[in-house]
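Student: One structure, pasted below without further comment.
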Amino acid sequence: MTQSQRKILVTSALPYANGPIHLGHMLEYIQTDIWSRFQKMRGHECHYICADDAHGTPIMLKAQQLGIAPEAMIAQVQIEHEQDFADFNVAFDNFHSTHSEENRELASDIYIKLRDAGHIKTKTISQLYDPEKSMFLPDRFVKGTCPKCKSDDQYGDNCDSCGATYSTTDLINPRSAVSGATPVMKDTEHFFFDLPAFEGMLKEWIHSGSLQSEMANKLNEWFEQGLQQWDISRDAPYFGFEIPDAPGKYFYVWLDAPIGYMGSFKNFCAKRGDINFDDFWAKDSTAEVYHFIGKDIVYFHSLFWPAMLEGAGLRKPTSVYAHGYVTVNGAKMSKSKGTFIKARTYLDHLDPEYLRYYYAAKLSSRIDDLDLNLEDFAQRVNSDLVGKLVNLASRTAGFISKRFDGKLANVTDNSLAESFIAKQEVIAEFYEAREYGKAMREIMAMADIANGFVAEQAPWQLVKDDDKQAQAHEVCSIALNLFRILTTYLKPVLPRLSQDVEAFMQLELTWDNLAKDMTAHEIAPFKAMMQRVDLDKVAAMVDASKDNLQPTEAPKADKKADKKVEKKATTGDPLTDDPISDEISFEDFAKLDLRIALIAKAEHVADADKLLKLQLDLGGVTKQVFAGIKSAYAPEDLEGKLTVMVANLAPRKMRFGMSEGMVLAAGPGGDELWILEPHQGAKPGMRVK
């Protein structure tokens, strides 16, 4: 190899430690793993690092629901995550947790450097306070008697019994749900990172080639609106790291999450003993650092993270690579349809190599969504991997073993193999640029040529003629050498198959030995390497992924149950199920002020089954909206998206807080809801006409 060795650190976004991995997550880990494996095949020093993102309110609340400590929950989730990744052949060099001493030390050190440099500001906000427990109380921790219907044990701003909303001060006999004490209002100080101070650096960095062009252009909107200071603190109770010199204040999860890359790498360095942490993270580092992420967390990694690193005197990433979402059969993953498929459910039914190849065949360097069409999935895997690749060996290997003592021939014409080897730099460039789909097409085009050669030469006919034994030997030897070259190119994508091929060919598949002379090379007897995708197993996987909507036994009579409204049966025709409403005047329509809004923040709402709390940025004006879309979206899938909102809807007080508008969504409900997303070019604050 003529190229010089590179020092590379590559990461995938940290999976959140409150639930299982699903096939949407797996896109990123497969994409990154392929890139990491390719770099190692090329002889570079490449370390693939990841960790569980193990802090935040959702984890704290879920642990409380389970009746266990958050530490116990995240430890169990980490075991499950690591097993799923291992079974998908995702080869991390280190997988750690953000809830680690390495991460605590690094987060504190970075914060102190930012603070001492004047990049941390403080602001005062007011919250409910428990004087006995000395803790600030979210609404869910204040209870009392409803001032309307006099029902006991109601939350501070909403009554579950009568549906009334009211001010916390109107609650009769208010008490802390933690201690029973009467709460008071008290000011609390929050800490903010001074992001605007880094505007010049960020503008230069995002247009330096470190980001995909569409990502860089999208981030321009943040500068047009004006960068805002970023709240990096949360009050107890909170599961995370306490802020230095600020008792009761905790780092917001998104501060220590990206530092988790560094924490895991520091843990890895300690395990290895021969890798210097500072060689990769110091300001003057010449190593390369790459983050693979989903498009929903671009602004955290491309604004906050590089600014934090700059302010702390550390190096910034070489590049941040974003990918799109996964849809299944052309639609958002759905539990009711069985297309919200967990990694473990997939592994219980199908070979992980299938999905690795299918994702690779559809991945590019762009931020496009990827559709896992299950019918196309089966057809493509069966055609490409079984029909073209493995079939090349299965049709020819038997003749070598049975008739020619398991040894390849001295080939007189190597032109076909030489033409395949000549493609190595083209394929390498595609892998390097994350254009995996182009690489797969190039490889399969060669597989077509190889199979065409075998079909034309028909060794099964040649072996019948005693005078053509040498020709049959040579044809089969050429075919197996082509099979070896093709599998070498596919090794980053298909590691398990590559191991089987290495055992069969009795040599290691490396980039350096692509041109190896295979004369008289001995092979092992051929064994079946890959089965066709069984559509019955695909159907069983989908069925196993469906929510069981039917109760296992008849429910007992319940007054509350009598009040529940059953979901209406639908025909599947939107206009039949939901006819067009009566006409309104243009004047009535003109009263609506529809605006483009950026979802700056999305959060779960404690004790709310359907609601997400959204902070919507209208280009200088921020509105808080409670949206009934929890069944269809996770908060992390929404942040950074543009949507459309009704901006002039009268504020409505809810038990969880004030809702100042409404986001627009389509669909019958449940997990079949889709928020409206404007095309690129639309900007927060623009009126929808």
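Quick reminder: no glycine exception, Cβ is built from N, Cα and C everywhere.
Dumping what Swiss-Prot says about this protein:
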- 15-25: motif ''HIGH' region' (MOTIF)
- C146, C149, C159, C162: Zn(2+) binding site (BINDING)
- 332-336: motif ''KMSKS' region' (MOTIF)
- K335: ATP binding site (BINDING)
- 555-570: compositional bias 'Basic and acidic residues' (COMPBIAS)
- 588-689: domain 'tRNA-binding' (DOMAIN)
Student: About how far apart, in whole Å, are the alpha carbons (Cα) of C159 (Zn(2+) binding site) and K335 (ATP binding site)?
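Tutor: With the alpha carbons as reference points, the distance is 31 Å.
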Student: Same chain, outside the motif ''HIGH' region' (15-25) by at least 6, Cβ under 8 Å from its Cβ: which residues?
Tutor: 50, 52-54, 56, 58-59, 62, 73-74, 77-78, 80-81, 84-85, 97, 325-326, 328, 333, 340-344, 346, 355, 372, 636
Student: With every protein chain in view, how many other Cβ atoms are within 10 Å of the Cβ of C149 (Zn(2+) binding site)?
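Tutor: So the Cβ neighbour count for C149 (Zn(2+) binding site) comes to 12.
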Student: What average pLDDT is reported by the model for the motif ''HIGH' region' (15-25)?
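Tutor: Mean model confidence (pLDDT) across the motif ''HIGH' region' (15-25) is 96.
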Student: With every protein chain in view, how many other Cβ atoms are within 10 Å of the Cβ of C146 (Zn(2+) binding site)?
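Tutor: Other Cβ atoms within 10 Å of C146 (Zn(2+) binding site): 22.
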Student: Taking just the CA atoms, what is the gap between C149 (Zn(2+) binding site) and K335 (ATP binding site) in Å?
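Tutor: So the Cα of K335 (ATP binding site) lies 38 Å away from that of C149 (Zn(2+) binding site).
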Student: Would you mind ranking the binding-site residues C159, K335 by how many other Cβ atoms sit within 10 Å of each Cβ and giving me the lowest?
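Tutor: Among the binding-site residues C159, K335, the sparsest Cβ neighbourhood within 10 Å belongs to K335.
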Student: What is the interatomic distance between the Cα atoms of C146 (Zn(2+) binding site) and K335 (ATP binding site), given in whole Å?
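Tutor: Here the two Cα atoms lie 37 Å apart.
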Student: Reported in the order helix, strand, coil, what are the DSSP residue counts of the domain 'tRNA-binding' (588-689)?
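Tutor: For that range the per-state counts are 7 helix, 48 strand, 47 coil.
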